[in-house]
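Here TrEMBL flags 28-72 as domain 'HTH tetR-type'.
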Amino acid sequence: MQGKKPMSDTEKTIKAPRRIFDRESGVQTAKALFHQHGYDAVGITELTKTLNINPPSLYAAYGSKAGLFERCLDLYVAEGNLPADKILTPGRPLDEAVADLFMTAARLYARSPVQRGCLVAEGMRADDPQARELASRYGEAGIQFIRNYIRQYEPARARELSDYVVTTLRGFSAAAVTGLSKARLTAVAQLAGQAFSALLEPKNV
């Protein structure tokens, strides 16, 4: 009795089950890449190699590199990397809340040896205009939240005080990205909290 003819390489390829790409897992992986290297420094070649897919599959899954970055920003914000809504709570003294926000940001931005700073803040400084615009949408939402919170205590100075807070937070992110240690960054955060307290009217401290 004649045995079965061995399958050719072509037949094996045809019969091999297609690998299903996990899009959500891909977003997690890409988020880490963007956070570590910045949007501009991460190319399609590196993304496809790390995700183990080809360029057409990446575009089919996310539309574009910018589309993938937007998904990463969505996830980053959803994970509450700087949970301002849990820190700036109603009824809490303003100086105490902002000092806590500064200290929490400093610790979070410098907690990883490679994924440092704030993904949103650093995205707002990207060279790519589409990436900047995407990150700015999330950044603006954070700015408005901080401003509205401060307005409850200092309605006449809400803009200038929120500008101070946001600029300080962005400075923390930039310092973390450029390598300032966690100990030094938290020391700066403590000073920033004291400075903010000094800006307030005595009745609100």
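Cβ coordinates are placed from backbone N, Cα and C, and glycine is handled just like the others.
In terms of DSSP secondary structure, the domain 'HTH tetR-type' (28-72) contains 34 helix, 0 strand, 11 coil. Looking at the domain 'HTH tetR-type' (28-72) alone, the prediction's average pLDDT is 96.
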